Amino acid sequence: MNKKPIFIIGAGGHSKVTSEIITSQNWEILAYIDEGSTSDHFLGKPVFKSLEQAESANPSVDHAFIAIGNNEARSKWANILSKNDYTLPHFVHPSALVSPSAQLSQGVLVCAMAVVGPSAIVGQGTIVNCGAIIDHDSVVGSFAHLSQRVLVSGGAKIGSNALVGPGSIIEKLAAVKEDSIIASGTVIATARKQCFQ
């Protein structure tokens, strides 16, 4: 079976994690695009400074994935790629568990051992990092980042562009506002009366 070609935006640490997931699933990374890279190769593939350079060398590619940890940068690149008619698939690590009734938007990455529960919704370009859990009926906005072992309890809401630090707990029905930065190990509580309705 022929592998599908794809460009990866970003050539840093998060891109290493992303690349392993993508290449395990019948995709071939043809090039990386990183404006700030000091190297012309990454993981054995060429690195270009711009989308235009990558397109010149690989004119037939129409899929791309944004492998950058910074929420704002992912949002910026999503706009660029959309304007250039790229398809942005989502990717799920083989060890992750995603409910058939969950909704993953384009450009979502679900990393190793993560869980996305029934009727949960994950917005465009969001990272669900290793071991994170999004329980039933939760909603995560676009370009958010749930770090390692974050727990989003049932019915909770995470706003777009939020960064939730490792090990944090978002209790049932609680909410995190857009653009929030939640420190590692934080507990975002909700009213006890609400919690057990």
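Note: Cβ is positioned from N, Cα and C throughout, glycine not excepted.
The active site, proton acceptor feature in TrEMBL is assigned to H136. The annotation substrate binding site is assigned in TrEMBL to G69. Residues or ranges marked as acetyl-CoA binding site in TrEMBL: H145. Summarising the annotation, TrEMBL assigns domain 'PglD N-terminal' to 6-79. Under the heading site 'Increases basicity of active site His', TrEMBL lists D137.
Annotated features, which come from TrEMBL, shown on the structure.
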| residue | record | Cβ neighbours (10 Å) |
| --- | --- | --- |
| G69 | substrate binding site | 18 |
| H136 | active site, proton acceptor | 16 |
| D137 | site 'Increases basicity of active site His' | 19 |
| H145 | acetyl-CoA binding site | 25 |
Between the Cα atoms of the residue listed as 'acetyl-CoA binding site' and G69 (substrate binding site), what distance do you get, rounded to the nearest Å? 8
With DSSP helix as H/G/I and strand as E/B, how many residues of the domain 'PglD N-terminal' (6-79) fall in helix, strand and coil? 27 helix, 21 strand, 26 coil
Can you give me the Cα-Cα distance between D137 (site 'Increases basicity of active site His') and the residue listed as 'substrate binding site' in Å, rounded to a whole number? 25
Between the residue listed as 'substrate binding site' and H136 (active site, proton acceptor), how many Å separate their Cα atoms? 25
DSSP secondary structure for D137 (site 'Increases basicity of active site His'), reduced to helix/strand/coil, please. coil
Mean per-residue pLDDT computed across the domain 'PglD N-terminal' (6-79): 97
